[in-house]
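Presented below is the structure to which this report refers.
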Ligand SMILES: N[C@H](CCC[C@H](N)C(=O)O)C(=O)O
């Protein structure tokens, strides 16, 4: 039997393993079994905490000088570069295990080293420079009256953000099946459907739903919230720098931070370890 933790951040939930020496190396089939909500533990994804030195050479290079590496897998067993909600829950687990000082933590990921800080009972993570990309794929979704052009956003993982007319149209979307993109994105893409809610003071507000690559509709997606904020800010003319993003599972905040290599996104929100157990799946 192998010990695991179950955690969540704004309803994006994860199975978590602490595997310092990288001995578990779960197969895609085991990830699917762990994330299955009937036959397994259940989760939108799996997070494995491994010492960067124990990761394969490619990941070790990406993880640089960070002591711990966040190895993220989607519920379908596919590997993703980054998980914005997950890195907060990852930090919470390291804190509870006494494995790291999380007041100011560097985490290795397949999208490079990320900086995480404990704030106001949750965590704030610098997800790195966010890039708006060319090409406006046409997006079709069940319940969306007409196909709409989407904005491609790179948050270390790929996203397409689509503006939705209003809350009623957002609620009417059926995201049991993945939105269809034209042209399609090789390897799949995370799709955020967003209703701008206006700007209050220096804070923009949006409401969104998300269909995640490799997991389906989730209650929240951290990198997706960043993508949605950056796309909406672009459509609004490049301001403001602070965004409140309401997702079905709660609220996260996105702050734009101009750094030498571009506009970074700080993603802030809660993180909770809900329970612990042992599994026979591994
Ligand atoms: N499904 C995403 C990874 C999980 C991202 C999401 N859970 C987040 O909080 O960023 C992908 O394949 O890129």
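Every residue, even glycine, has its Cβ placed from backbone N, Cα and C.
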Which of these, 157, 241, does TrEMBL say binds substrate at the same site as 12, 74, 84, 85, 190, 212, 213, 222, 223? 157
What is the total of other Cβ atoms whose distance to the Cβ of residue 157 (substrate binding site) is within 10 Å? 26
DSSP says residue 212 (substrate binding site), in three-state terms, is strand
Same-chain residues six or more away whose CB lies under 8 A from the CB of residue 84 (substrate binding site)? 125, 127, 155, 221, 222, 223, 224, 225, 226, 267
How many whole Å apart are the CA atoms of residue 212 (substrate binding site) and residue 83 (active site)? 11
